[in-house]
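Visitor: After the structure tokens below, expect a handful of questions from me.
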Amino acid sequence: MGILEVKNVGKRFGGLQALGDVNLSIAENSVHAIIGPNGAGKSTLLNCLVGKLIPDTGSVMFDGQSVLGRKPHEINQMGISRVFQTPEIFGDLTVMENMMIPCFAKRDGAFEMNAIASVASQRDIVERAEHMLEDMNMADKRDMHAAALSRGDKRRLEIGMCLSQEPRLLLLDEPTAGMARADTNNTIDLLKQISDERDITIAIIEHDMHVVFSLAERITVLAQGTPLVEDTPDNIKGHPKVREAYLGETQTAA
Amino acid sequence: MFGLTKRDSTLLIIVILLTVLAPFILNPFPEGSAMAQFNAGYPDLMQRLVIFGIFAIGFNILFGLTGYLSFGHAAFLGVGSYAAIWMMKLLTMNVVPAIIISVVVAGLFSLLVGWISLRRSGIYFSILTLAFAQMSYSLAYSVLTPITGGETGLQPKVDDPRILDGALAAGQTPRANFFGLEMGTSYELELGNWIFTFNAGYYIAAIVMILAFYLSIRIFRSPFGMMLRAVKSNQQRVNYTGLNAKPYTLAAFVISGMYAGLAGGLLVAMDTQVGAERMFWTASGEVVLMTILGGAGTLIGPVLGAGFIKYMENIVSKINKSVLEQWFAFMPDGIEDFLIAIVYPFIGKGWHLTLGILFMLVVIFLPGGLVEGGQRIGRLFKRKKPSDDAADGKTTPAE
Ligand SMILES: Nc1ncnc2c1ncn2[C@@H]1O[C@H](COP(=O)(O)OP(=O)(O)OP(=O)(O)O)[C@@H](O)[C@H]1O
Ligand SMILES: [Mg+2]
């Protein structure tokens, strides 16, 4: 049994079968990549895992418990954090405040009426957020408004915010899109380090094959809403169906 | 000071000074001079300045922090007022129980309204709150007449029970008091041609406002306040960070409802009568204007906005045709009549027209309200200072 078990999940948008009949098992403490062409249904699948969408059919189990029917914040509190395809951060808040909010969510849960003490007096949270910013190499941007960050920095901030929650399952939707090469490599190193050091399972959607092959232990190829194959990176590289359906396409495009 | 940063303490001290010295600040013109009619340092107006300040401070906790725009907050003010006057009729003319009950009742009512309205966001939320307020308004005029007094409203009567107060001496009317100190008590200070009025009711309301302002600073700087700003900035991220946005917004709604109730209770403490018109939608709109005009989401903005609107309302609506004639008397007849004809629609009863134009100008040119205006002026002055900063800036890269 994997930590995440997706069984027979299907999702329709009007006339479009975005997900056909998806079965996916992600082993605990592994890095699992999901690849596939644009519109294959990768983001839709993640949406079904975090409570943004409710699938029409099938079941999603996380650590033996169903996530279906739970609210997004409940699913997060179960230990699933997600980085979105377009960065979802608090643009009006400073970078430091962005980092403190998930720390509060981790410490205090879904709701805590803490309306009198000042934020600055919460030493544990401040320290933790500062530490996280250093890990993300963003300490110098601490007092900037998050909206003013570059696209790559917004992503790194969002990744840091998710990591600060110490999730058991981290879902990354194209985490390196829009990043400069150096930042991409930093992100790869960071994710590698985290998956080595901590008990964390990572599911990553990525178009950049360099990222996929540097990180993934297993790869699922999704096309038109159904998994085509699932295998190790080495086998996927040589798989004729995959080359045809996906890799070939991107390689000629590149 | 009091757990505030230096900047916030400074702000608090400024507000304290402004409110304590208001009888001087608002009475700049000597008695009997032509400008004396523009003095605002009389108790009734000063009381309303601080009470509406409280209303706006509370509104800002909801609107400024979470971005949820309520168009029905006057309902909470009204409910608070009714609760307060009933306390005075039934229990005692002492304002303390009246004010406490107004906060409690408005809090409970806003819990109900918020719980329902917060199922929607954006314009639908605004419409729901507006609908609730208009419903309360019509109910107060119709079905609830036994509690609200309908069109005549409510005021303390000589034969009310007032179980805690002793019997009134013959010929006396019940008066609102603070442990015996009547709200209407005033001390007048004459300095040359100036008369300054220090009114008990005003100072009680002012102390409450200062406390309310202090509390709002604490809320703004707390983790709770930060969560509210997070909700305003990106509710999706809030949810996917494991935070339940609903109780946060509901708590903000109830707190702002309690502030509104407090304002309603104080209005009754100062002027012991209530009518349903204070729940009319224009009253809800006014607090929105105050908050935006002053600067939504800033600490001092709502206080400035409330003061500005109530002060201008008082001044502009007092100007009439004969005042205009006085002002323009030095001009040739034709031009005088022309100017009077142009200005006339904006004064007296036309005050709302002036307010509308002011509001439009602020929203278009100063989206951050009066606070942003102040900051811009501040920056202008800083730039004029000798260029120490600029020199620093140039040397740093060389090092
Ligand atoms: N909320 C929605 N309503 C209607 N259609 C949707 C919705 N979300 C996704 N779709 C459609 O479902 C299909 C799958 O979309 P999805 O975003 O999951 O693809 P993807 O694999 O993530 O693609 P990309 O690589 O471009 O991110 C697309 O055709 C998309 O237009
Ligand atoms: Mg996608």
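Placement of Cβ uses the backbone N, Cα and C atoms for every residue, glycine included.
What you see is a predicted model, and the numbers here were worked out from it, not measured in a lab.
Copied straight from TrEMBL:
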TRANSMEM  B:12-29  transmembrane segment
TRANSMEM  B:49-71  transmembrane segment
TRANSMEM  B:91-116  transmembrane segment
TRANSMEM  B:123-144  transmembrane segment
TRANSMEM  B:200-220  transmembrane segment
TRANSMEM  B:247-267  transmembrane segment
TRANSMEM  B:287-306  transmembrane segment
TRANSMEM  B:327-347  transmembrane segment
TRANSMEM  B:353-374  transmembrane segment
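Provide an account of the burial state, proximal residues and distances for the features listed.
Guide: Sequence-distant contacts of the transmembrane segment (B:123-144) (same chain, six or more residues past either end, CB-CB distance under 8 Å): 68-75, 78-79, 82, 113, 116-117, 150-151, 276, 279-281, 284.
Within its own chain, the transmembrane segment (B:353-374) has Cβ neighbours under 8 Å at 289, 292-296, 298, 300-301, 304-305, 308-309, 312-313, 316, 345-347, counting only residues six or more beyond its boundaries.
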Visitor: Quick test of the contact rule: Cβ under 8 Å, at least six residues beyond the ends. What residues does that give for the transmembrane segment (B:91-116)?
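Guide: That would be 72, 75-77, 79-85, 128-129, 132, 156, 162-165, 174-179, 183, 204, 208, 249-250, 253-254, 256-258, 260-262, 264-266, 268-269.
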Visitor: With CB pairs under 8 Å as the measure, which of the listed stretches B:12-29, B:49-71, B:247-267, B:327-347 comes out on top against the transmembrane segment (B:287-306)?
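Guide: Comparing B:12-29, B:49-71, B:247-267, B:327-347: B:49-71 has the most Cβ pairs near the transmembrane segment (B:287-306).
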Visitor: Can you name the far-off residues of the same chain, 6+ from the ends of the transmembrane segment (B:247-267), with a Cβ under 8 Å from a Cβ of it?
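Guide: Cβ under 8 Å, 6 or more out: 47-48, 51-52, 54-55, 57-63, 65-66, 68, 70, 73-74, 76-84, 95, 98-107, 109-111, 113-115, 117-118, 205, 208, 212, 219, 224, 227-228, 231, 238, 278, 287.
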